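What TrEMBL lists as region 'Disordered' is 1-61. The compositional bias 'Polar residues' feature in TrEMBL is assigned to 15-26. Residues or ranges marked as compositional bias 'Low complexity' in TrEMBL: 27-42. Here TrEMBL flags 48-58 as compositional bias 'Pro residues'. The transmembrane segment annotation in TrEMBL covers 100-129. If you look up TrEMBL, you'll see 168-272 marked as domain 'Late embryogenesis abundant protein LEA-2 subgroup'.
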Amino acid sequence: MMHGNGGHGRVHPAASSSDFSGEMNQSVSAPSSDPSSSPLYSFHFEKPVPPPPPPPKAAQPGEYVVQVPKDKVFRVPPPENARLFEHYTRRAKRRRRCSCARVCACLLAALLTLAVLLAAAAGVAYLVLRPKRPAYAVQALAVSGLAGVGNASSTPATAAFSPGFAATVRADNPNGRIGVHYDGEKSLVSVSYDGVLLAGGAWPAFYQGPRNVTVFVAKAKGSGIRFSESVRGQMAAAERLRSVPFDVDVEVPVRLRIGRVRTWAVPARARCAVVVDRLAADAKVVSASCHVKVRFLSWRN
């Protein structure tokens, strides 16, 4: 289309195509405010159609074709995931080892601290209390059931004896702040001669307060004792010399009491060497010595 009035002619781009002539005139006669709504600026894009999938490969003789649904196909994770998993696993193990080592170190430190505190308390108690061993002495030893043991003419060599002993014991507790409980149920008192056990008995149960002296009688009894000819000859000779030796062994559990505090039971052992003048109930003690051992801290003599 040409316009006059001496101007230069202009050709509308839509004039070159007969298909858009009507649309051009419509747009000229009624221009729209939105240029993009005009058919001249309308474009239509369509998604390209993907090519059809290739036909499945025909199975060769002896082969099978297995078709797996798409939602059942799993991808193989990349190797980086495996390396990351190993890294985090090693780090978690290191953290667990560090936490276990830290807990063990804390427990060990607590045990060492407790041991140091207990040792310090024991040291303070030892310095304050100054514990001493109890002292024991056999004041008398009555003998029965051994009459005629040295007289071979009156008693046959195969005769059995039932010896009995009653020991009068003096127990001295020299501690000023420590009491002693004696457990008689688990105690043992034995009397022997030259290594031959003659009788057994028990230590009486009682409580001995601080700086207390207690005198009691401990009894022991035996039966069916047979002596060899040599032992009978030794006992007869010792009785003639008015010096018959016996060994008295004592083992009794004791509990120490400090104020209202009572300790655990510890074994107290004593061995007394007693010499009497004869084998009779009215025998007199010629000499006696006792050695006491108590496993509690460090007892002083």
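Each Cβ is built from the backbone N, Cα and C atoms, and glycine gets one as well.
Residue counts of the domain 'Late embryogenesis abundant protein LEA-2 subgroup' (168-272) by helix, strand and coil are 12 helix, 60 strand, 33 coil (DSSP-based). Mean pLDDT for the domain 'Late embryogenesis abundant protein LEA-2 subgroup' (168-272) in this predicted model: 91.
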